[in-house]
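Colleague: Handing you this structure, nothing more for now.
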Amino acid sequence: MGTVGKKKDRPAHGCSTIPKLALELKQIIHSTTHPKVPAVTPLRVMMPLGKLSKGASLDELIQMCIQAFDLDGNMGQNNELLQIMLTMHGFLIPSTELLIKLRTLYQDAMQNRSFSFCLRICYFIRYWITELWVMFKMDAKLTQTMEEFQELVRSHGEELHWRLIDTAQINSRDWSRKLTQRIQSNCSKKRKVSLLFDHLEPQELAEHLTYLEFKAFRRISFSDYQNYIVNGCVKDNPTMERSIALCNGISQWVQLMVLSRPTPQLRAEVLTKFIHVAQKLHQLQNFNTLMAVIGGLCHSSISRLKDTSSHVSHDVTKVLNEMTELLSSCRNYDNYRRAYNECTNFKIPILGVHLKDLIALHEAMPDFLEESKINVPKLHSLYNHINELIQLQNIAPPLEANMDLVHLLTLSLDLYYTEDEMYELSYAREPRNYRAPPVTPSKPPVVADWASGVSPKPDPKTISKHVQRMVDSVFKNYDLDQDGYISQEEFEKIAASFPFSFCVMDKDREGLISRQEITAYFMRASSICSKLGLGFLHNFQETTYLRPTFCDNCAGFLWGVIKQGYRCKDCGMNCHKQCKELVVFECKKRSKCSMGENNTLSDAGQLEVIPAGGKGLTNDCLGADEGPYSYPNGDGDIHTEVSKDRTIMLMGSSAQKISVRLQPAVKHRATQTENETQSLCLQVPSPPRSRTPDLTSHLPISPMPSPCPSPVPTRKKAYAKWENKDSIRKARAELRGGKAGIQELEKEKVFLKEENTALKIQLKDAHRRVETLRAELRKYVLDSDTHQKGS
């Protein structure tokens, strides 16, 4: 690649954005040209502001916009002023109030019989509707005010004016702005499309990531940029939030795909592949996705993998260093700005860098000048910066997208992990070596701060849509005989393309996977990885119910005499056989459990290596040896959903599954006097044990030093102490007295209510049976009497 962005004829950028903005402001005010001003974007042809450089009132700006139209509706020389006023007025006044001002001017002009001025107002509004019709689609109050304006115009009998401001044309617009109108899916390839990560070329992967990035980028409107500048965050800004979530999702996906490989050699292969993907992204001039990929590769959870790095060639490492230097934040992203300004045609900027520039410009320049006049040069400068980002949306990328691969990537990028969880996975692969000097965790040097901490969670409807599209693509490419099944081998290869993998599924046919089974598989996987609450997989077991029971998933009745359905032994959830693979509710393990259900327990933070090739595995992913978690002192209510332990499953190319159980990030109050427990350990699961309770399993496990403690110094693990239920109740009674007694009574009350409800159902069923028997008895007696009389 060579040295990136080293031009001697360009002045070096400063470390701050403010001096640059001051130079640009000076250029606007004095209407002079400054050679090679280090602006955020290439120099634009500035509109000479003239007297507007000293500011103007809002009414004066409105009058100038109206007078820009002649009686035939043609515009004069203030075309850019119209654009600035209509796009940037949100900094000054809401759109509804601007329309109300125009309506007031129209009423006054009608009273003064100034019909030419009324006509110009209508031309101005028509221009607003034509150029910025999205505002009327997204703002309900603005639409309502426009309807009131139309009624006012009709009441005066001005049919021509009414037609000019008619908003019916908006409904015919394709306002959804679908990307497929500009980038057609690749239908020319007749070969079988591979959906496997190992078979994808870096060029192909980079193109489809660019497709997704451009799709999110081009949906950001003027108002979205304005809202971010004013609020400084993405709250109530869904399009901006989706763009940031995609960037974070790609960064985490890169890390997880590396960590999903079991050996350093395989991890080095994935690492090398993503570096080549970064090269292709640079060639496509997609800097935003390039930032996400390099940020993932430079993350501490990846950079600490010394064994993995030792298998990466020197040339590949050199390319990574060059990319990191290109995206470095030194000198206010000087290298990136030079490379970006030299690019022509299609390009996707690093959105976070340009948003920071916009905020700096907004903060550096006042909104008003002397005599409460609007700072028009500030609006003009903000408009030029935002408008360049908007204009980039009109340039289609030079690529062809395969929608099947797009659907697979869309689903695999729905990932939301915390920093601690990423470190847990990293330490599971390469535990800390105490002989080597400790690696100080640090943030990646290229990740923009604006994107950190933004993880909008998709709703179940969105996840279901992504899963359904991906499953349709899988069966279109792999179900050649169209019988609704794919082979077990093909399914395992597809599942290995994701940075997560869960349990071995039940198959309707030997060696075949149905559409329903693969849909249920990815629904459960996506629900867990997107943190929708499914923190634990259910431990379903076939059960015979002795009382009427309903399915907790579909609310249907569990029919049958024996083995009517399945019951989770951890949380008690009941469901049909056909519903147990479709459950997307979290398995909330109960603190109360019988002695027979508690076998040998794992330490907090324990990691289990589970071979996936065995045929004896069932749908129980956590194994029969893992018991429910309980808080000895009844403090489970203080642990929020964020601090709940969570299971992450990974599967590498060798079909070996790793289950990393993540524990709460704070130490439990009941164990403040205990030593810190083991953080992570490797254990091969033992053969299934008998259900006879083992007394040794209830003894406290001796604490062991952690072989790979968390990189966060203050982070400690919870220690679970398992005791008999009676002893727990006695301890609570001694420590809490009356309060514990009240809590126990409330729990008993809830339990009795449940029992009472079940007994009522049984009683009603018994009454129905009695009535049925009575009816049959009466019928039998009547038939007997009739027979006797006949004889």
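Quick reminder: no glycine exception, Cβ is built from N, Cα and C everywhere.
Take a look at what Swiss-Prot says about it:
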type	residues	note
DOMAIN	201-432	domain 'Ras-GEF'
BINDING	D479, D481, D483, Y485, E490	Ca(2+) 1 binding site
DOMAIN	502-528	domain 'EF-hand 2'
BINDING	D506, D508, E510, E517	Ca(2+) 2 binding site
REGION	671-715	region 'Disordered'
COMPBIAS	672-681	compositional bias 'Polar residues'
COMPBIAS	702-712	compositional bias 'Pro residues'
COILED	728-783	coiled coil
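Looking at the shown structure, can you explain where the listed features end up?
Modeller: Summed and averaged per residue, pLDDT over the domain 'Ras-GEF' (201-432) gives 91.
There are 11 other Cβ atoms within 10 Å of the Cβ belonging to D483 (Ca(2+) 1 binding site). D483 (Ca(2+) 1 binding site) falls within neither a helix nor a strand when secondary structure is assigned with DSSP, and so counts as coil.
The secondary structure of E517 (Ca(2+) 2 binding site), as reduced to three states from DSSP, is helical.
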Colleague: Taking the Cβ of D481 (Ca(2+) 1 binding site) as the centre, how many other Cβ atoms fall within a 10 Å radius?
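Modeller: D481 (Ca(2+) 1 binding site): 6 neighbouring Cβ atoms within 10 Å.
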Colleague: Spatially, and counting Cα to Cα, which of the binding-site residues is closest to E517 (Ca(2+) 2 binding site)? Options: D479, D481, Y485, E490.
Modeller: Y485
